[in-house]
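Peer 1: Below you will find the structure I want to go over with you.
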Amino acid sequence: MFVKSLVFLTIAVAYASADCLHCICMRESGCKPIGCNMDVGSLSCGYYQIKLPYYEDCGQPTKKSGETTEAAWKRCANDLSCATTCVENYYNRYKSQCAGTGQGACEVMARNHNGGPQGCKHSGTLGYWNGIKSCCGCS
């Protein structure tokens with residue numbers, strides 16, 4: 001019984017995460033590869049409107065040998081699979097900074113995506129979170 005419960009919980013978390021990611025993607029770009037746009041003084045690119053420092057923090061997924069970080073960032077941001085991996089990596093890197101806040105995984109993911117490594121602690125990310133929450137019903 002314990003194993004069945006654990007499997008169910010794992011599947012439920014995966015779906016919640018997928019719903020959360022989809023809503024962030026929809027909020028940022030309509031979930032389309034929209035290229036780069038100026039946002040708060042720097043470029044944000046692709047499906048999740050990822051900035052260069054965010055790409056660096058997420059571990060630079062799919063960066064090729066000899067490729068500049070800027071070229072890899074723009075390419076990754078406009079590839080849904082790579083960009084999603086980047087958002088997941090960023091969440092996993094910084095979620096511990098939100099421990100003890102009582103926030104669910106989607107809230108931490110959304111608010112940190114919007115406000116940086118400690119976005120979960122900034123009131124300025126609440127409006128963004130409320131939009132994501134109304135999309136997915138996540139917590």
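Cβ coordinates are placed from backbone N, Cα and C, and glycine is handled just like the others.
Quick caveat, the model's predicted, so the values are computed rather than measured.
Pasting the relevant annotations from Swiss-Prot:
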ACT_SITE  Glu28  active site, proton donor
DISULFID  Cys20-Cys106  disulfide bond
DISULFID  Cys23-Cys138  disulfide bond
DISULFID  Cys25-Cys31  disulfide bond
DISULFID  Cys36-Cys45  disulfide bond
DISULFID  Cys58-Cys86  disulfide bond
DISULFID  Cys76-Cys82  disulfide bond
DISULFID  Cys98-Cys120  disulfide bond
DOMAIN    19-138  domain 'I-type lysozyme'
SIGNAL    1-18  signal peptide
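In the displayed structure, how are the listed features positioned relative to their neighbours?
Peer 2: Glu28 (active site, proton donor) carries a helical DSSP state (H, G or I).
Of all Cβ atoms in the protein chains displayed, 27 besides its own lie within 10 Å of the Cβ of Cys20 (disulfide bond).
Packing around Cys23 (disulfide bond) is summarised by its Cβ count: 22 other Cβ atoms lie within 10 angstroms of its Cβ, all protein chains included.
In sequence order, Cys31, Tyr47, Tyr48, Leu80, Thr84 are the residues of the chain that are 6 or more apart from Cys25 (disulfide bond) and have a CB within less than 8 Å of its CB.
In three-state terms derived from DSSP, Cys45 (disulfide bond) belongs to an extended strand segment.
According to DSSP, Cys58 (disulfide bond) is assigned to coil rather than to any helix or strand. For Cys58 (disulfide bond), the count of additional Cβ atoms within 10 Å of its Cβ stands at 23 [all protein chains shown].
In this view, Cys76 (disulfide bond) is surrounded by 24 other Cβ atoms within 10 Å of its Cβ, with every protein chain counted.
Using a 10 Å Cβ-Cβ cutoff, Cys98 (disulfide bond) registers 21 neighbours.
Across the domain 'I-type lysozyme' (19-138), DSSP helix (H, G, I), strand (E, B) and coil residues number 73 helix, 9 strand, 38 coil.
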Peer 1: When the Cα-Cα distance from Cys86 (disulfide bond) is computed for each of the disulfide-bonded residues Cys36, Cys45, Cys98, which gives the smallest value?
Peer 2: Cys45
Peer 1: Test of understanding: give the count of other CB atoms lying within 10 angstroms of the CB of Glu28 (active site, proton donor).
Peer 2: 22
Peer 1: Which number gives the other C-beta atoms within 10 angstroms of the C-beta of Cys45 (disulfide bond), all protein chains shown included?
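Peer 2: Other Cβ atoms within 10 Å of Cys45 (disulfide bond): 26.
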